[in-house]
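The next block holds one structure in the form of structure tokens; read it before the comments.
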Protein chains: 2
Amino acid sequence: MHEIGFIRDLAIVMIVAGATTILFHRLRQPVLLGYILAGVLIGPHTPGVLVADPRTINDISNLGVVLLMFTLGLEFSIRKLREVGIGVLVVAVAEVGVMLWIGYGLGEAFGWKGRDALFLGGIMALSSTMVATRTLSESGLGALPFARLVIGLLVAEDMLTIVILTLLTAVAIGGSVEASTAFTLIGHLGLFVVAGMIIGLLLVPRLVDYVAGFGRDEVLLVSTLGLCFGASLLAAWMGFSVALGAFLVGSVVAEARSSEKVMHLIEPLRDMFAALFFVAIGLKIDPAMLVQYAVPALAIAAVVMTGKTVICSLGMFAIGHDPRTAVRAGVSMAQIGEFSFVIATLGLSLGAVSDFIYPVAVAVSVLCMAISPYLVRSADGLVNGMRRIAPSPMRLLVTSYSGWLENLRPVNENAVIAAMLRRLLMHIAINVMLVVTLFVIGAYVNAHNWAWFSMFGLTRDARHTVIWAAALFLSLPLLIAVYRKAEALGMLLAELGIRESYAGAYTRTIRGVLARLIPLATLFVLAVLVSALGSTILPPRGVALSLAAAGVLVAVVLWRGLVRVHARLQAALRDTIAKE
Amino acid sequence: MHEIGFIRDLAIVMIVAGATTILFHRLRQPVLLGYILAGVLIGPHTPGVLVADPRTINDISNLGVVLLMFTLGLEFSIRKLREVGIGVLVVAVAEVGVMLWIGYGLGEAFGWKGRDALFLGGIMALSSTMVATRTLSESGLGALPFARLVIGLLVAEDMLTIVILTLLTAVAIGGSVEASTAFTLIGHLGLFVVAGMIIGLLLVPRLVDYVAGFGRDEVLLVSTLGLCFGASLLAAWMGFSVALGAFLVGSVVAEARSSEKVMHLIEPLRDMFAALFFVAIGLKIDPAMLVQYAVPALAIAAVVMTGKTVICSLGMFAIGHDPRTAVRAGVSMAQIGEFSFVIATLGLSLGAVSDFIYPVAVAVSVLCMAISPYLVRSADGLVNGMRRIAPSPMRLLVTSYSGWLENLRPVNENAVIAAMLRRLLMHIAINVMLVVTLFVIGAYVNAHNWAWFSMFGLTRDARHTVIWAAALFLSLPLLIAVYRKAEALGMLLAELGIRESYAGAYTRTIRGVLARLIPLATLFVLAVLVSALGSTILPPRGVALSLAAAGVLVAVVLWRGLVRVHARLQAALRDTIAKE
């Protein structure tokens, strides 16, 4: 009766989770904490063995990660990231980077091996979105200005999570922490993310809205789940983590008009599997091991809480927020949570880290979660205390820094030109990235699926020609767009760089040359890049040259049409992102 | 990388389910059908092996049964069953009974062994709530009067499902189809259902409303799931099916004021797991086996569709509906679906039936589901056709039957008295059932958990005394209620039965005697019943008699208090059921 055995285990987990959620809600403590403790209580390591074989529970609790990341993606969106503001973004990057570095150092100080130390850094780097937002809404402070900063930091960290997850996966599989591997990997990752996002943005929100138009929840839910798990699978196949795929497709679905409806349908699933996930974390914990590693766990928890509070508070102050707001935001970030579990699970399941990392991560998170609500409530006391203690020169410094920052805001006209420059450069970057993606996909197809081609009786050279030609002709609208944007950039720079007061009569000529030079240089760089990237699929020289010539010819003849195709693609993309 | 393997399988299932749900919605075909076909397509028996190891998928698809039955319970409620009306109830019982019998006969005619034939009967007996309601709402006929009849039939069948599930479980485990076993089992089942419902009604809706008052969906969802799986587990432990437990607790939660909110939260879970469940059904099917059993499958499908249509139509006509409404209701019931799978899964997982039963059940359901929408649309044509063909005497018979039925409605005063009698008898029956339950629980405690008692150093006699006394004193309010209701019954019957015109001067005396006699006789019957039921826990004679005497004394002294306790219990129960 294996069947009943599984339902028995699941029933026990759900009963305990249900009781816990009521109890911890009444105690005004984070429910996550309760789930984990309940898991330890009913786990195989404690006397009252209730769930003896957590294998299947563990299997389906992994769905919790996928659904968790998907809903985080749904809440994250490009629009929100743009609203976060560059300042908060910098603070988030600084905070995550410094915590990663501190964690690595701490691990080495404990005498752990390199990979364990690196995973410890990852575990310490990312704050818990679930705990932070829950604490905010429960403390009733969600409407204050600092809450927006915290949400901004969390959104920015969500993005960094992806980077860290991917890096650690690569390290775990490859076993090396070499810089070159890391950079190659980040390159691949960037391509995957950008290509995935752009293709996704063009297709997914339309599909979701189309299905939502049926007006049947079941159809919308099941097809969204198909998208979610499909993207996770795709990410896993490409060598990234399932969490990454789920997060990306979530952030793409977030741009659909019916994304709120989707959120509404997915939330109960997320809540159920999140409960399972956190109870399953507890199930894996042997309390005896916790006692053994109590000292490092306490030390790490102390470092996490002070480190995150200090870095975030200082960062927020540095970008111009008043000390009270800065400290409030800082203490709100002072915990780790679900991402730490995801990272620890990753390390464990890939066999990359020592066994003790997992319980240590759990212990640290539990400590932080338990203390977090009290810490948030004591933020104002902290600020007042510091004010009393601080010597008066320091207080003067604080005030004058704020005043100085106020004077730094960019002046009107310059701000407009800077925005124009930024937009042109961004457009060029995105289009170049897409061209590169097309050729990399071509190389990928060439490397992996040559069985298809031999089926049609193509030789190696013919195969290369077909793939290369396809990539080239599909790139045409993008290349033309790059050329046009580069032209605009050249004109703008010429206007700005060559003032009439300096160049006198030659102003026009010099400006004209500069305006031509920049697009031509861009195209040259692009050609080099493409032939380097496409080197594995380059057809024989003569064929390549004649294809390139044909490409140029087509571009010139169909210029208007290709411009229109590109404009339509761009408009579709912008519509999806910019819809309110 | 077992973990990825599982997510891979699940992802494939969800992607296929997502595509299927969109496609079949567009084709205006039941989505269930699509899920099953998709499952066959990606299953291990077809060339394009996608899901090779469906074990874990199968495990979690079983959650689909639990959640399906729970939501069916949520939609079913005592109030709804009472609204169904006695006529529809009788039709449902007749239909399910006859189909069970036809199925058994058909199985024997095929030369199958007894248990296979019985399971075939079970598979053919129950219509598909999901397909029928979906067809109604999609055909746009949901507002017509026959739709209410169909819903009524489905609600009544839901109740009968429980009976059939339990019977078949017992047959599968016990291996016998003996009448005595069946009756004992139905007795146990009745006790479990009634006791569970009453205790559940007193506690569960209050708990659910309390938790709903927190205003946090996550807490409400997780604790409701705890209840749902907890009840399933309890039912499994008592020897019934998990489906029964889930259904019962669902129908109890349905009485909570926040039951709609719960439904809202559970629905996405149900939809996801139902999709998994139906795809998993397809995964188990080997198309080769279908070909082998094509003839019986076609025959059974034909019998199901004609049988159900004819029985339901005739039944509906017999209880006084016009032929058009009756036939429409009949064709709407002419399919089998989810319950048939539940029953086939039950037989398969308990190893009670031959291997071919499962694919045959699936094939029949698929055929019925595919034909059902067309059948419903052709109902009116069917009626018109029959009208043209029918000879005129038959048409006359039909008309006169309707007229005769119209004259049979009970007259006003009699109807009021009949209602009073019915209510008194029902109250007595419920209270007697509760007393019996208390003693049976006592016997159960005595039989199973004697370790507790020996821990306290109790002898066998002392144990019996404690349990028997507890059952007796807990029964006191119920016994008093039975006595009082019996008294009222006696007075009513005396008033009705002894007319002054017959008894003359002795009317009063005879009425007085009758009014006393009935409660006393009831108490005597009750005493016999209790000592028979409690025979395994009866203390030594002397102790028992003095306890009984003490009971009578307590009853007399605390009469008012005990009446009040009972009244409060009853009011709590009635409030829960009668709240709008």
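A Cβ is built for glycine as well, from the same backbone N, Cα and C atoms used for every other residue.
For B:16-375, the entry in TrEMBL reads domain 'Cation/H+ exchanger transmembrane'.
Marked as transmembrane segment by TrEMBL: B:7-26 (among others).
The transmembrane segment annotation in TrEMBL covers B:32-53 (among others).
According to TrEMBL, the transmembrane segment annotation covers B:60-78 (among others).
The transmembrane segment annotation in TrEMBL covers B:84-106 (among others).
The feature transmembrane segment is assigned by TrEMBL to B:149-173 (among others). Beyond the ends of the transmembrane segment (B:149-173), by six or more residues, the same chain brings 72, 76, 80-81, 83-85, 88-89, 91-93, 95-96, 100, 115, 118-119, 122, 125-127, 129, 132-133, 136, 181-182, 185-186, 189, 193, 239-241, 243-244, 247-248, 312, 316, 321, 325, 329, 332-333, 339, 342-343, 346-347, 350-353 to within a C-beta distance below 8 angstroms of the stretch.
Beyond the transmembrane segment (B:185-208), the same-chain residues lying 6 or more positions past its ends with a Cβ under 8 Å from any Cβ of the stretch are 78, 162-163, 166-167, 170, 220, 223-224, 227, 231, 235, 238-240, 248-249, 251-253, 255-259, 262, 430, 433-434, 436-437, 440-441, 569, 572-573, 576-577. Annotation source TrEMBL lists transmembrane segment at B:185-208 (among others).
Per TrEMBL, the feature transmembrane segment maps to B:220-253 (among others). Residues 65-67, 69-74, 76-78, 158, 161-162, 165-166, 169-170, 173, 188-189, 192-193, 196-197, 200-201, 204-205, 207-208, 211-212, 214, 259, 261-262, 265-266, 269, 342, 346 of the same chain sit 6 or more residues outside the transmembrane segment (B:220-253) yet have a Cβ under 8 Å from a Cβ within it.
Here TrEMBL flags B:297-319 (among others) as transmembrane segment.
If you look up TrEMBL, you'll see B:331-350 (among others) marked as transmembrane segment.
Counting only same-chain residues 6+ beyond the ends of the transmembrane segment (B:356-376), those with a CB under 8 A from a CB of the stretch are 28-30, 32-33, 36-37, 116, 119-120, 123-124, 128, 131-132, 135-136, 138-139, 141, 281-282, 284-286, 289-290, 292-294, 296-298, 300-301, 304-305, 309, 328, 331-332, 334-337, 340-341, 343-345, 347-348. Feature annotation from TrEMBL assigns transmembrane segment to B:356-376 (among others).
Residues 427-428, 431-432, 434-435, 438-439, 441-442, 445-446, 453, 458, 519, 522-523, 526, 530, 534, 537-540, 543-544, 547-548, 551, 554-555, 558-559, 562-563, 565-566, 569-570 of the same chain lie 6 or more positions beyond the ends of the transmembrane segment (B:465-483) yet place their CB under 8 Å from a CB of it. According to TrEMBL, the transmembrane segment annotation covers B:465-483 (among others).
Look at TrEMBL and you will find B:543-563 (among others) tagged as transmembrane segment.
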